[in-house]
Amino acid sequence: MYTHNTPIAAFQRTFPWLAVVAVLALTIVIYTPGLHGPFLLDDIGNLEPLKRWADGYLGWQGVVFDNRSGPGGRPLSMLTFLANGWLDPHLHTFGFKAVNLGIHIATGVIAFALASLIFLRSGIDRSRARWLAAFAAVTWLWLPMQVSTVLYVIQRMAQLATLLMFVALTLYLSVRPAIERGSRAATLALWFGLPVLTLLAASAKETGLLALPLAAVLEYTLFDRATRPRQVTAFFGLTVALPVCFGLLFIAVRPQWILRGYFGRDFTLDQRLMTEPRVLWSYLQTTFFPVGSHMGLFHDTYPISTSPWKPWTTVLAAFAWLTICTAAIVWRRRMPLFALGVAGYLVAHSLEAGPISLELYFEHRNYGAALFALIAVVGLVRGMLEVSGARQRVRWIVIASAFACVAIFAMGTWSQASGWKDEDTFYATQYGYNPDSPRLLSNLTGRAMLAHDLPSALWFIEKSESNSPDSERVTSTIWRFLAYCEVGGAPAPDNLYEEFGDRARGRVTTYSMVGWELLARRLSEGCKGLDSGRLTTIAMRWLNDAPQPASAQPIWRTRFNTGRMLAESGDIENARAIVRRAWIDSDHNNGIGVTLFQLDASLGDIESCRDVLTYLSRSEGGSDLRLTEAIRTFRKAIDSGEIGGPAR
């Protein structure tokens, strides 16, 4: 029988689904301006194997398993990039960015499911739990800070790891009550499903390993100790406590494993640990107040804490975190959501904000942690309203403010995405945020060189140098040589060589290594404005006096490229000696080995050619098809007697 209430009831049933469709559609609309933007920055180098695969020079295994973005190789992420390449061999950016957006939306859906379970477990009734979860998930989807993760193609690695971590946490909360009831399926999910999902997340990016510690956060903030099954305690003891203890013991016994990474940094371990509390507050500021210079992608000018008082916010940030953590512990019964959010936020950052010698600041590190920050805010506001006994009017004001924030975030995200629509707009936008960023200025230098605008290139280099540490002054000089070489006008002035000689001392940094490699490549393509002999003489003195071990990548790569420069200048004998040493120091790098074989062959040294070919042959038939072709060509040259005559 139909009543006047039937249409209302039907609307109530369909409204949630209509709301979901509307949110997903709006998310697509908000991000659409940036979906056609170009590959940028780290996209180029990290996706280079994909281009080699598309060109037929690399097997699919090389794309998936030979990536060096992290210690684990991140094969799952690379597999998704390979799928993009298979669908579009021309590698247009739209397909890559669209997949990133799809992952973002999928993660938002899982975030809703996870937040719903969290709010339900904290004692909130089902209807309110779903509304709060919807608020948290939609806000997370539309945070302006997320744009630099979603539209920066290579950050799919962080996205996939977060998606799988959220799936793992959702699985845990779904089966946790059944574990208390002795369900075998739930027990299997705990001991098998959760570790498998964690490993999958880690295969996207190493931060995926944090799924297990985050599950422990859920357990110890949402569930009572009195009813906790022994197997749950045992599980977290084996998968979280034991690995953490083992890791701390390993670092205590072998501190060099951590400290050696700082040889290539402009900050020490102590300085990093003092700086990161400020960085974590900065992430929160950008999350909830997305305005000002904090919104840019480039943060390499972020001030390093050199003591607890320099800058003075160092001790303030540390004290604030101590206060927040104390409050979370004290209020963990009264405000479990606040305690969970604080603990989850800190654990989510623990790997990349800890002692490992990573760079100090990247927005994508806050991608998943932002959800826990939102949960903490929800828990704090809800707890304060309950404690204060706020009137209904106040509650409605809070709700209206929440909706207003979501709308503002949506508009901010659309504005941010519009800044990624093309390369010119991107760099203009980023320059407006942080005009002093050396990394940004180096990219603007490259763009000026491509435009054959020498004055602008030199101006950007000068500006970058004024904001760079002393260890990078030599990098600025190398880029000046590059500018003269690229523009192809007047030769580099003599005082530039003198400047290089004065500055090429001390540590060879990663940036100077990259600049030197670009210069060597440009010289091999033809550059008459530079004296490669003067450059290599200074570089060899620099390498011989550098404090780093010969096996350090900046040393052997710079040595190899110095040998390439000598070879281009016609000094084959000395070039071969330098390249051979780089080959040995690099533990017989294949790329260097190919160059060494060619130098040996040009000198008619067949025995050295055979020695190099022995090492190269170990990689024959692998994923690098071009290397396999070179090996077979080299072998044929030896067997046919083409090598062995006098050097020409």
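Using the three backbone atoms N, Cα and C, a Cβ is placed for every residue, glycine included.
Note that this is a predicted model, so its numbers are computed, not measured.
Annotation comment: TrEMBL describes 15-32 (among others) as transmembrane segment.
The transmembrane segment annotation in TrEMBL covers 101-120 (among others).
Positions annotated as transmembrane segment by TrEMBL: 132-154 (among others). Outside the transmembrane segment (132-154), and at least 6 residues removed from its termini, the chain residues within Cβ reach (under 8 Å) are 19, 23, 27, 30-31, 34-35, 37, 39-43, 46-47, 69, 93, 96-97, 100-101, 104-105, 108-109, 111-113, 115-116, 118-119, 124, 283, 286-287, 290, 295, 297, 363-364, 366-367, 370-371, 374-375, 378, 382, 402, 405-406, 409-410, 412-413, 415-417, 420.
What TrEMBL records for 160-179 (among others) is transmembrane segment.
Under the heading transmembrane segment, TrEMBL lists 186-204 (among others). Cβ atoms under 8 Å from those of the transmembrane segment (186-204) belong to residues 72, 74-77, 157, 160-161, 163-165, 167-168, 171-172, 175-176, 178-179, 211-212, 215, 231-232, 235, 239 of the same chain, restricted to positions at least 6 beyond its ends.
Sequence-distant neighbours of the transmembrane segment (232-253) (same chain, 6+ residues past either end, Cβ-Cβ under 8 Å): 176, 179, 190-191, 195, 212-213, 215-216, 219, 355. Taken from TrEMBL, the feature transmembrane segment covers 232-253 (among others).
What TrEMBL records for 280-299 (among others) is transmembrane segment.
Beyond the transmembrane segment (311-331), the same-chain residues lying 6 or more positions past its ends with a Cβ under 8 Å from any Cβ of the stretch are 274-275, 277-278, 280-281, 303, 305, 338-339, 342-343, 346, 383. Among the features that TrEMBL reports, transmembrane segment is placed at 311-331 (among others).
Among the features that TrEMBL reports, transmembrane segment is placed at 338-361 (among others).
Residues annotated as transmembrane segment in TrEMBL: 367-385 (among others).
TrEMBL lists 397-414 (among others) with the feature transmembrane segment.
Among residues of the same chain six or more beyond the transmembrane segment (338-361), those with a C-beta under 8 A of the stretch's C-beta atoms are 118, 122, 206-207, 209-210, 213-214, 217-218, 221-222, 251, 258, 261-262, 264-265, 267, 269, 272-273, 275-276, 279-280, 282-283, 299-300, 302, 304, 321, 324-325, 327-329, 331-332, 368-369, 371-380, 383. In this chain, the transmembrane segment (397-414) does not touch the transmembrane segment (160-179); fewer than three CB pairs sit within less than 8 A of each other, excluding pairs fewer than 6 residues apart. Between the transmembrane segment (397-414) and the transmembrane segment (101-120) there are fewer than 3 Cβ pairs closer than 8 Å, counting only pairs 6 or more residues apart in sequence, which means the two stretches are not in contact. Long-range contacts of the transmembrane segment (15-32) within its own chain (CB-CB distance under 8 A, at least 6 residues past either end) are made by residues 101, 104-105, 108, 130, 134, 138, 141-142, 147, 150-151, 410, 413-414, 417.
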